[in-house]
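S.K.: Have a look at the structure that comes next, please.
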Amino acid sequence: MRRGERRVHGGALGKAALEEQPGPPAPPQPNGGAPGAERDGAGLRRSTESEVYDDGTNTFFWRAHTLTVLFILTCALGYVTLLEETPQDTAYNTKRGIVASILVFLCFGVTQAKDGPFSRPHPAYWRFWLCVSVVYELFLIFILFQTVQDGRKFMKYIDPHLGVPLPERDYGGNCLIYDPGNETDPFHNIWDKLDGFVPAHFFGWYLKTLFGFDPQAHQKLQSDKAQLFYKQAGAVVLYFHFTSFTLMIRDWWMCMIISVMFEFLEYSLEHQLPNFSECWWDHWIMDVILCNGLGIYCGMKTLSWLSLKTYKWQGLWNIPTYKGKMKRIVFQFTPYSWVKFEWKPASSLRRWLAVCGIIFVFLLAELNTFYLKFVLWMPPEHYLVLLRLVFFVNVGGVAMREIYDFMDDPKFHKKLGQQAWLVAAITATEFLIVVKYDPYTLTLSLPFYITQCWILGIILVLTWTAWRFFIRDITLRYKEIRRQKQEHRHEKDKCLSNGDGHSALLDEPNGNKPRERKL
């Protein structure tokens, strides 16, 4: 949907609709929309969606510029064809041809692809990430169809420093909170993991893989400053990652379940990847409580502010004051409207399975971060690892909104959104690459006590599912039928005791036939 076509909640559609209805807009609801999943009478807004007022201004900034992009692209290709001399380097020409092909596809997608649910800061921004998703999925498919040696060798074409096996770091060596053997700093184990941890974690758990890098274990030893940088950069990642999780999922319980479940997965898989081995206080105090918990708390506060914010949009040139213009520019980077997510997993079997599937995909995407760099021999600080995680932060929000719309209102959203489909395909393809490139690591058997714990957990979940959606429903249905029969028998006995000889309830299905027979 283009900017000029964006719906204005309350019945108006863009600028043309505003011209047809010159009257003042209806006042917003006092609470911005009561909780629920039903749409209003116009069928344009769910009750969980905020009221939005838009004057429909369609400026140069919002137009598609398809002809402009086509003209610039043609000029660039003409310049390369007519004025540049083609180098006699096959590898260089191949790389440049692939990059040019990707850029042309991105230009096409940004101007022609279908808009998603988000429109701020600009719909073209989200169309760009949609096209990047397609490119990334095609790249993964290409890697999947290579042999293990050729796939790792191909990574050298992207960066000559890749293709070298890197050892993982074990964080569970010394777990003493107070180390009496270190007289200078007995709490050095805590400070080593806490340096820059809390403030940096706010800017990204999507860079968490940096924690797995041991600079001293690399073939080229890094300086102390570089080690501190990697440690702090790795600390940066966890915090913002869970803040972004909160903004994607918009539910405190689901975020905490994902946080705790990932720590259990680290416990379970530390025999496969050594960097999963951490101290108990690193798992539960620093990760779950301090970093993830603080990130989720800040995310929930942001959600509260966004749900109470007034979404009233005016064109920049329609605002008279400079302060108002600057405020409008800043708010351009906030959502156009806000939808409160009400997952309600226990309301139906369909929603329960959908929520379990969402949690499973989230955890699988997190595990893919560690396993991909392990099987493709990418150091955690490499820019490809960081770009992948930044990519998931951008596409994850759109995918979650599309999944929620599809699950919450299947009559209005008849198919799964394009970004959600691509994210699911990318996550599955990454896992298949891990399975193909290192099946030995994945098939290392779990310790017996870990297996027992997972079997017990699965049995509990399946038992609760059977009770909640089958046994409980059957029991309630049986009780309801028995209650209706008792009420029916009571009404019949009451009619007989009054001397009617006939029950009015029995006469209703047959219409006037008893009366005609009596006459």
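Cβ from N, Cα, C; glycine included.
Sharing the record's features from TrEMBL:
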- 37-48: compositional bias 'Basic and acidic residues' (COMPBIAS)
- 1-48: region 'Disordered' (REGION)
- 489-519: region 'Disordered' (REGION)
- 60-82: transmembrane segment (TRANSMEM)
- 94-113: transmembrane segment (TRANSMEM)
- 125-145: transmembrane segment (TRANSMEM)
- 281-300: transmembrane segment (TRANSMEM)
- 352-371: transmembrane segment (TRANSMEM)
- 383-400: transmembrane segment (TRANSMEM)
- 420-437: transmembrane segment (TRANSMEM)
- 449-470: transmembrane segment (TRANSMEM)
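Quick one: how deep are these features, and who are their neighbours?
M.R.: Panel annotation: around the transmembrane segment (94-113), residues 64-66, 69-70, 73, 77, 80, 124, 127-128, 130-132, 134-135, 157 of the same chain, lying at least six beyond its termini, place a Cβ under 8 Å from a Cβ of the stretch.
Sequence-distant contacts of the transmembrane segment (125-145) (same chain, at least 6 residues past either end, Cβ-Cβ under 8 Å): 102, 105-106, 108-111, 113-116, 118-119, 151, 154, 376, 388, 391, 394-395, 398, 418-419, 422-423, 425-426, 429-430, 432-433, 436.
Sequence-distant neighbours of the transmembrane segment (352-371) (same chain, 6+ residues past either end, Cβ-Cβ under 8 Å): 208-209, 212, 245, 249, 254, 257-258, 261-262, 265, 269, 273, 275-276, 343, 345-346, 385, 388-389, 392, 400, 403, 407, 423-424, 427, 430-431, 434, 438, 441-442, 465, 468-469.
Panel annotation: around the transmembrane segment (420-437), residues 130, 133-134, 136-137, 140-141, 143-144, 148, 151, 361, 364-365, 368, 371-372, 375-376, 392, 395-396, 398-400, 402-403, 406 of the same chain, lying at least six beyond its termini, place a Cβ under 8 Å from a Cβ of the stretch.
Long-range contacts of the transmembrane segment (449-470) within the same chain, counting only residues at least 6 positions beyond its ends with a Cβ under 8 Å from a Cβ of the stretch, are 267-268, 346, 348-349, 352.
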